[in-house]
Amino acid sequence: MSIPSSVQYNEDPSPPQPKMNAKKKRSFITVKRAPYLFLLPAIVLFIIFTVYPIIYSFLLSFQTNAEAGRVFVGLDNYIRLFQDRLFYESLANTFIILIFQLPIMLGLAVVLATILNAGFIKLKGFFRVSFFAPAVTSLVAASIIFLLLLNRDYGIVNYLLSMIGMDAIGWLSDPFWAKVSLILVTTWRWTGYNMVIILAGLQNIPSNLYEAASIDGANKIRQFFSITIPQLKPVILFAAIVSTIGTLQLFDEPYTLTNGGPINATTTITMYLYRNGFEYFDFGYGSAIAYVIVILIALLSFIQFKWAGVTK
Amino acid sequence: MINQRMVRQILLYSLLIIGVIVTIGPLYWTIVGATNPSGETLRIPPNFVPGTHLIDNLQNLLASVDIWQSLINSIIITVIYTLLAGFISTAAGFAFAKYTFKGKEAIFLMFLISMMVPYQALVIPQFELFANLGLLDTYSAIILPQLAYPFAIFLMRQNMQSIPDSLIEAARIDGASEFYIFIKIGLPTMVPAIAAVSIFLFTHQWNNFLWPLIALISEEKYTLPVALATIAGQRSIDYGQLMLGAVISILPIFLMFLFLQRYFISGIIGGAVKE
């Protein structure tokens with residue numbers, strides 16, 4: 001029995017006539033129509049709830065509230081945005097968190113994954129489950145837990161610090177430490193998630209690479225930097241892009257943990273969008289902020305692709 | 001030589017154990033807090049022993065928010081969402097993986113690009129859309145927007161490519177309809193992948209916060225994260241009830257994770273490593 005490829009089928013739209021139950025009429029769902037029918041629900045929903053909002057949001061970003069409803073104001077929202085000190089501040093907050101959090105988290109994830117991948121470690125399953133556990137807790141619940149852990153006067157973290165003779169830190173009340181707190185929560189929540197991705201990447205590295213290196217006399221540290229890291233590059237890139245997109249959208253944690261404060265130190269760009277859209281009901285301005293986020297994400301993903309030297 | 005190896009092992013194990021304390025510790029401490037009076041939660045030195053105050057905390061919690069209603073809302077929304085979105089992405093993934101058709105690349109690219117668009121960019125127009133449809137403050141408002149979830153479609157496509165073409169061809173020759181092939185060959189061979197994607201969708205919706213916060217207005221419609229954030233935002237917080245609320249929102253998905261961890265993990269790995 002020959003097996004025609006699907007390409008051949010495309011050229012010949014009528015499937016072979018059924019031999020065994022020839023009496024059955026050819027159904028409405030032909031090979032040619034079937035993929036469209038299978039895609040139909042996804043496409044219809046996607047157009048209504050994603051494509052339409054993307055276009056609508058773009059149009060909204062050129063409008064503003066007026067007495068008679070919304071009116072087109074050209075680039076006014078964007079001009080206002082570029083003169084808005086708070087917008088710059090929220091942008092800066094987001095990027096400060098991104099720049100420190102991303103390398104710390106990915107570094108930790110690579111280290112943990114490498115240890116767990118070592119042959120002699122026992123109880124691998126237990127460690128993997130433990131490290132991944134934070135990734136299933138809701139961000140709101142995670143933020144609430146840290147709200148209490150980081151309490152200035154009664155929190156465990158300050159208690160532990162006091163045991164090594166350090167002064168209490170205003171984790172949530174000091175503008176600097178509030179950012180650190182956000183970095184702590186997001187790192188706690190996401191390191192295990194990235195570790196699992198990297199662990200899978202590690203297991204895909206052919207073991208003969210290491211064998212050859214051992215024969216050449218390269219030690220473990222050397223092997224880590226000249227085999228593991230280069231081989232992991234695509235996986236780390238994937239994790240970096242996903243995490244960057246996630247951090248640029250940071251909302252649940254600052255909303256619950258600090259509500260953007262103190263003095264806007266943790267107001268992220270998404271929180272600023274939420275405020276303008278759903279506290280001041282300035283949908284036009286909110287949409288302009290949304291489009292800036294879209295452009296930033298596209299730009300950063302592009303840069304990361306280039307930087308990693310991936311061509312496609 | 002043996003000594004050096006032992007030192008290294010001890011070092012690595014200590015690192016792993018510190019990791020476990022940091023990741024699991026806060027979760028354990030939340031359970032401790034949920035069973036103790038508010039004053040015990042924040043105490044110097046800290047308390048790590050579960051108490052007997054669970055029922056009191058539950059009563060306090062129920063006095064400030066109907067947490068059972070929120071739990072029911074979360075369950076209904078998440079289950080319906082997972083079933084529908086799971087089916088939709090499986091069907092779409094099957095079409096992308098096993099058929100050649102006009103516009104395939106363009107449609108797939110459209111889904112891929114949309115993965116870059118942050119959800120926040122869609123929130124404002126979706127709010128107006130649902131307001132115009134009269135669907136704000138309903139379950140549908142939370143279920144509908146992300147039913148066609150590009151990442152899930154992408155994962156299903158990746159996985160379904162491994163269905164052997166010969167199996168499908170043989171069924172066609174036997175006169176099976178395309179729909180029959182999808183149900184009888186596509187679905188059964190893909191059970192692990194479907195489970196992984198479904199769990200991904202379930203977790204995503206269970207923890208969904210920004211959109212429910214915007215679209216749900218009345219308290220009896222709140223999902224767990226929205227209800228939790230509401231209690232956390234109250235002026236005088238009772239920590240016992242807050243911790244209990246956190247436990248109630250974490251526990252169902254955590255148990256699910258313990259039993260189905262293989263699928264949880266293959267759900268995320270699928271996008272990263274499979275080429």
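Counting starts with 1 at the first residue shown.
Glycine is no exception: its Cβ is also placed from the backbone N, Cα and C atoms.
Summarising the annotation, TrEMBL assigns domain 'ABC transmembrane type-1' to B:71-260. Annotated transmembrane segment per TrEMBL: B:12-31, B:71-94, B:106-127, B:139-158, B:179-202, B:242-260, in sequence order.
Contact between the transmembrane segment (B:139-158) and the transmembrane segment (B:242-260) is absent: fewer than three CB pairs lie under 8 Å, with pairs separated by 6 or more positions in sequence. For the transmembrane segment (B:12-31), the residues of the chain that approach it from at least six positions outside its boundaries are 46, 48, 50, 243, 246-247, 250, 254, judged by C-beta separation under 8 angstroms.
Long-range contacts of the transmembrane segment (B:242-260) within its own chain (CB-CB distance under 8 A, at least 6 residues past either end) are made by residues 27, 30-31, 33-34, 41, 54, 57-58, 61, 65, 67, 71, 74-75, 195, 199, 202-203, 206-207, 224-225, 227-228, 231-232.
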